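Participant: Pasting the feature list from TrEMBL:
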- 1-24: signal peptide (SIGNAL)
- 33-48: disulfide bond (DISULFID)
- 61-212: domain 'Cupin type-1' (DOMAIN)
- 111, 113, 118, 157: Mn(2+) binding site (BINDING)
- 113, 118: oxalate binding site (BINDING)
């Protein structure tokens, strides 16, 4: 059979485009791009201010130094992520950080970050962390102050405070300016509009009553 070189070249070109789009955050084309958070433009990132207007305060923030209330979530945790409003100099650098406070016996439920890998360091307390790979194999570890753990990009993972008295404090770094977060339970049960009940019943082998009860427990 004669090779269709034209078709093959078109396929290779399309694959190259797809691979190019699958990269992490694009590299900046200048030393820095201080975020112009007042700009009306909607682009992939945040527009830059005039580089000549850059100041030292654009590159520093203390927002992660403040404890966050863990009473605002059903699972007993609070995540404070840095954004370009807190730290304008972060824009286009392809990274961000967050502070994670977990109440005694609280947890950050199974979730994923579709656009970033995460490395977390335990600063206070003792917790169990883990992730599940695409073969459904779980890798979990107990962390104590000073210990680090890496969660690969887009894989489902969790954090659980083992102590019934002492809260946990962690700081995480991400390989994207906007890593995104998707909680497995909320995505499955609390989507807008709802995933059809028949799909959920078949996936989780549960009844109509189970679906209603779980939605109610999640705030629906």
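Using the three backbone atoms N, Cα and C, a Cβ is placed for every residue, glycine included.
Remember, it's a predicted structure, so these values are computed and weren't measured experimentally.
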Participant: Excluding 111, 113, 118, 157, please set out which residues of the same chain place their CB within 8 Å of the center of the CB atoms of the Mn(2+) site, keeping sequence order.
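Facilitator: Other same-chain residues with Cβ inside the cutoff are 112, 131, 151, 155, 156, 179, 181.
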Participant: Long-range neighbours only, meaning 6 or more apart in sequence with Cβ under 8 Å: which ones does residue 118 (Mn(2+) binding site) have?
Facilitator: 150, 151, 157, 172, 173, 174, 175, 179
Participant: Residue 33 (disulfide bond) to residue 111 (Mn(2+) binding site): how many Å between their Cα atoms?
Facilitator: 30
Participant: By a 10 A CB contact count over all chains shown, which of the disulfide-bonded residues listed here is most packed: 33, 48?
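Facilitator: Comparing the disulfide-bonded residues 33, 48, the most crowded Cβ belongs to 33.
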Participant: At 10 angstroms around each C-beta, which of the binding-site residues 111, 113, 157 has the fewest other C-beta atoms nearby?
Facilitator: 111
Participant: Summarise the model confidence on the domain 'Cupin type-1' (61-212) as a single mean pLDDT, whole number.
Facilitator: 95
